[in-house]
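Q: Here it is, the structure, as structure tokens.
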Amino acid sequence: MEYERRGGRGDRTGRYGATDRSQDDGGENRSRDHDYRDMDYRSYPREYGSQEGKHEYDDSSEEQSAEIRGQLQSHGVQAREVRLMRNKSSGQSRGFAFVEFSHLQDATRWMEANQHSLNILGQKVSMHYSDPKPKINEDWLCNKCGVQNFKRREKCFKCGVPKSEAEQKLPLGTRLDQQALPLGGRELSQGLLPLPQPYQAQGVLTSQALSQGSEPSSENANDTIILRNLNPHSTMDSILGALAPYAVLSSSNVRVIKDKQTQLNRGFAFIQLSTIVEAAQLLQILQALHPPLTIDGKTINVEFAKGSKRDMASNEGSRINAASVASTAIAAAQWAISQASQGGESTWAAPEEPPVDYSYYQQDEGYGSSQGTDSLYAHGYLKNTKGPGMTGTKGDTSGAGPETSLEGGTDSVSLQAFSRAQPGAAPGLYQQSAEGSSGQGTATNSQSYTIMSPAVLKSELQSPTHPSSALPPATSPTAPESYSQYPVPDVSTYQYDETSGYYYDPQTGLYYDPNSQYYYNAQSQQYLYWDGERRTYIPALEQSADGHKDTGASSKEGKEKKEKHKTKTAQQIAKDMERWARSLNKQKENFKNSFQPISALRDDERRESATADAGYAILEKKGALAERQHTSMDLPKLASDDRPSPPRGLVAAYSGESDSEEEQERGGPEREEKLTDWQKLACLLCRRQFPSKEALIRHQQLSGLHKQNLEIHRRAHLSENELEALEKNDMEQMKYRDRAAERREKYGIPEPPEPKRRKYGGISTASVDFEQPTRDGLGSDNIGSRMLQAMGWKEGSGLGRKKQGIVTPIEAQTRVRGSGLGARGSSYGVTSTESYKETLHKTMVTRFNEAQ
């Protein structure tokens, strides 16, 4: 706190022109090389030498100091120190003083109670908070004694260390040990309070332990501190309130990083202080707290903003590694899910196909706590053989993993645990009976979905779902479905991950795809979707299996109607995409090459969730996800193109019509009509849902995006010959059209226009040069002659009263350029009215006469 007396200019001259008699400056430089700004008095040296005691201070200064203490005690405030600033040479008061309080609350209460003013010995004094120290780029800080030196000093004011040595970065422990941080007294920088009593013992560390603990961050020490693991809903006021007992900060010192879309903070904030010493002291205080610093129920991690990278590895697995694993596994998941959902007609892979090991995807990832169980797609997973975390063999319906059990008429799928625990979330069980139809008779089969609690952290590799051919007869009893309920996902807490392009959910450990609105579990390599009615995450694989059953049940009705629906396999879709990519490269147009046609779902098919299907989202993101991967890797084919592929559950339930002759015979309007779901009022081509039928029709008629997607959809079903013809037509349209040449060829070249007629007819007389009328002399008909005749002048007489002037008019003569008046050869008697021939003749005559 600063008390400044509003006196005259002479009372405050000591602040700017005082001399400095310290021994380290020598006898040559006796004047102080700075302007004595109102910096914090705690940065002033405490011992000024023996000269300090020689001055006899006046009684008024002592009375002022006692008056300040008396007023503080009358208000019940005990100040830690009251220091009146004096001139070192004269001992006179410099007109201001500092009052240090024990707590920030006492200083604030004192300022508010006195309204920033005080009466001392009949003099009105204004009170202000002490100003911060000069900026670090103006003055330099001594790392040995901690004194702030002015920028023009070549050595430290207190300890005499040269500037080059004092500015070298020392270990943080050495600097903090030499400061008075554990003492909680005067050597603290501005804005920081002393260490509380319980934490002073923690601050007094040995130099070895402190240097070892702070060595990584001391190399990157700066004046900015970062706070990590903030609550997304934490505000600036909550951060300032949590740091109020340890530092005097304002909103200008704290910067909270917010998300542009949600306007919530992204989990971290920066605190910028005036100097590195203040940042180091505040960092030491916050790191020494036991229990650690908490803001809005979240434990905060504090470190230098530009410190070394932290070791992100933890017991439950690295989040960054999980993100890279997720982005690497997506391409393989396209083929694995399609192979896993074939149904009862096919197995996981052909027995004669050579074994393929996909464990190289996990190379150098270190994902999770174990290496064997965390492989993305191990050989046992694809081949239905024994693998890490699996106890069953191929064809064995009972020997499943520890989390998988098969009973009569029940398919049990256990979803692996989420990667992070959610405290206090005890999910309940939600049971719902599901009835299905089989081809042999009317019976009910139930499926049990068991989604483990987020509190479970151990991940185990699950065995794949057995095909429907392994189910017992249709006389199995009915069992209810059990689901684990979870809170509604909070999108505001999601964090964007650049490696995978997904949003990471810190509560469940899942990765969210905003385009397809599906969740990806990096541990179980499964896609999930949120079911609002069941309040749980449902695997997309099971959803596709249900759709496959419904498709098989409704196939008989289709046969009765003599209508056979073709399906696209993954290989056919890949061929369509390659053909479409070739046409785009030829046209050099920027179309989206990851389009896949979608067929409208029939009313009697299975009731799906509000989100899009996982199979379409996976196949659509094939090209985009391949570009996101850091290392390009080719996926081996799981099945040969020559072998006819049976219908697959995931693709057969949601894919469009196949590229066959039967499809080509159908009309374009019929195929385009299937791209609209009138029941749900959704455009399946643009993947948009509308509130009313009128809005959907208006979208189809006016939307440019719909027209562009429709053109892409039409081109995707054209043959190669039609594409070439269309390409040739487009190239012809892109050529330059010379419309002027077309007009000349059609109408001919027009005749040039006739010249404009003159306003006055007849041939005009030849123009006479303006000097020609005076060539033969001036006549008596000019205006000058008439004016002279009016004044009594007669032709042949001279000018003047007595006719003594010139008789003939003065004629203009030409002289040589650059010659002076009267110089020899300057004039040859040539006038401006003479022609070139006459001028040349006179010049030659004049030169001849001068030569003689």
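Even glycines carry a Cβ here, placed using N, Cα and C.
Since this is a predicted model, take the numbers as computed values, not measurements.
Swiss-Prot lists 1-14, 21-45, 545-561, 665-675 with the feature compositional bias 'Basic and acidic residues'. For 1-78, 343-365, 386-410, 426-446, 459-489, 542-568, 634-675, 740-783, the entry in Swiss-Prot reads region 'Disordered'. Residues or ranges marked as domain 'RRM 1' in Swiss-Prot (evidence: sequence analysis): 37-132. What Swiss-Prot records for Ser61, Ser640, Ser645, Ser655, Ser658, Ser660, Ser703, Ser719, Ser767 is phosphoserine. The feature zinc finger is assigned by Swiss-Prot to 135-165, 681-706. Residues annotated as domain 'RRM 2' in Swiss-Prot: 223-307. What Swiss-Prot lists as N6-acetyllysine is Lys306. Annotated compositional bias 'Polar residues' per Swiss-Prot: 430-446, in sequence order. Taken from Swiss-Prot, the feature compositional bias 'Low complexity' applies to 463-484. Under the heading domain 'G-patch', Swiss-Prot lists 780-826. Annotation source Swiss-Prot lists omega-N-methylarginine at Arg824, citing similarity to another entry.
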Q: Just the number: how many Å between the Cα atoms of Ser703 (phosphoserine) and Ser719 (phosphoserine)?
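A: For Ser703 (phosphoserine) versus Ser719 (phosphoserine), the Cα atoms are 27 Å apart.
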Q: Using other CB atoms within 10 angstroms as the count, which residue among the modified residues Ser703, Ser719 scores least?
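A: Per-residue Cβ counts within 10 Å for the modified residues Ser703, Ser719 bottom out at Ser719.
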Q: In the domain 'RRM 2' (223-307), how many residues does DSSP put in helix, strand and coil?
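A: Secondary-structure breakdown of the domain 'RRM 2' (223-307): 20 helix, 27 strand, 38 coil.
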Q: The domain 'RRM 2' (223-307): mean pLDDT?
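A: Across the residues of the domain 'RRM 2' (223-307) the model's pLDDT averages 88 on the 0 to 100 scale.
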Q: For the zinc finger (681-706), what are the DSSP-based totals of helix, strand and coil residues?
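A: Secondary-structure composition of the zinc finger (681-706): 13 helix, 4 strand, 9 coil.
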